[in-house]
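Taken from Swiss-Prot, the feature NADPH binding site applies to Phe13, Arg34, Lys107, Ala139, Arg254, Val276, Glu277. The sn-glycerol 3-phosphate binding site feature in Swiss-Prot is assigned to Lys107, Gly135, Lys190, Asp243, Ser253, Arg254, Asn255. Annotation source Swiss-Prot lists active site, proton acceptor at Lys190, citing sequence analysis.
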Amino acid sequence: MSENIAVVGSGAFGTALAAVIALAGRSAVTLVGRNPSLISDLKAERLHEVALPGIYLPDTLEFAAEPEAIAGASIVLFAMPSQAQADAARQYGPYLAKDAIVVTCAKGIERATGNLLTDMLERELPDHSVAVLSGPGFAADIAKGLPTAMAIAAEDMQIAERLAQAISGRTFRLYASSDRIGVQLGGALKNVLAIACGIVEGGGIGDSARAALIARGLAEMSRFVVAKGGQADTVRGLSGLGDLVLTATSHQSRNLRFGIALGRGEKVDPLQGALVEGALAASVASRLAAGLAVSMPITDAVSAIIDGRLDIAEAIEQLMTRPITTE
């Protein structure tokens, strides 16, 4: 089935998604951005030198700077940062086709409310089906055509399968899921754990500590996902374990690099420059976990370090002297 797909958000990830879907050749694809000058340059040069230097975009990819460009799309992907998605829904919502499916591609939690992004989008766009795309995929890898697999989840499995068919290509494979909660929380929480792994690397705390953080962090993710109504199996899949391993070990990860800077004692503002989603998610997740009586000591420690309530030595001391328990 051929689809008309619009990708809203002309940053690295949105551009990479639009490019790989266009290359699959099954759907008409338009990349929609809010910067007319950038869109004009992309049309002329087929190159996004700021976000994806040296990677040329396919000739079949269309570009637009007007919100009404999404009007004919059957699938609309929101590829801007998590905290910008509510504003995007309000801006683009009036132009959505009646039966358009909206897919959030951000990995975060709404900071003001603690809501999942699908919940927020359903609040803003109550007449539309909302899905989520998440998993281990860096924009540059996707745009270069390197093999990448991610998850796409909708409450209706038939919609998830339709989206997986429409978006997948030779180098980009999506697995369908009906667990929107698990897929979203995996994407949000792994960013927090990647910061923790960066702190370990930057502080020279050792590879053994990193391995412990990944394993125990996965346990935290699983407890939280189940408490929120998601499935533990999802945490062990692409959007949980897969994304955690990638983000906690690759220096392409903004969250890992932010953690490394913290571990070195550098003063870094996570809201300056490229947004560090995990820094925003840490305090929200810590607060929500407390309300659910879910133990998340690593997430709590990362939140406290970012907020300046604990230094790294104190955080390690607290983690290592917790009461002995079973795994």
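Every residue, even glycine, has its Cβ placed from backbone N, Cα and C.
Straight-line distance linking the Cα atoms of Lys107 (NADPH binding site) and Gly135 (sn-glycerol 3-phosphate binding site), rounded to a whole number, equals 9 Å. Cα-Cα distances to Val276 (NADPH binding site) place Asn255 within 10 Å, out of the binding-site residues Gly135, Lys190, Asn255.
Sequence-distant contacts of Asn255 (sn-glycerol 3-phosphate binding site), defined as residues of its own chain at least six apart whose C-beta falls under 8 angstroms from its C-beta, comprise Asn191, Val192, Ala194, Ile195, Gly198, Thr247, Val276, Glu277, Gly278, Ala279.
Separation of the C-alpha atoms of Ala139 (NADPH binding site) and Ser253 (sn-glycerol 3-phosphate binding site): 10 Å, rounded to the nearest whole number. There are 21 other Cβ atoms within 10 Å of the Cβ belonging to Arg254 (NADPH binding site). Distance from the CA of Phe13 (NADPH binding site) to the CA of Asp243 (sn-glycerol 3-phosphate binding site) is 15 Å. Here the Cα atom of Ser253 (sn-glycerol 3-phosphate binding site) is found 13 Å from that of Phe13 (NADPH binding site).
On a Cα basis, Gly135 (sn-glycerol 3-phosphate binding site) lies 12 Å away from Phe13 (NADPH binding site). Within 10 Å of the C-beta atom of Ser253 (sn-glycerol 3-phosphate binding site) sit 24 other C-beta atoms, taking all shown protein chains into account. Most Cβ neighbours within 10 Å, among the binding-site residues Arg34, Lys107, Lys190: Lys190 holds that distinction in the structure as shown.
Between the alpha carbons (Cα) of Gly135 (sn-glycerol 3-phosphate binding site) and Arg34 (NADPH binding site) lies a span of roughly 26 Å. Largest Cα to Cα distance within the recorded NADPH binders Phe13, Arg34, Lys107, Ala139, Arg254, Val276, Glu277: about 23 Å as a whole number.
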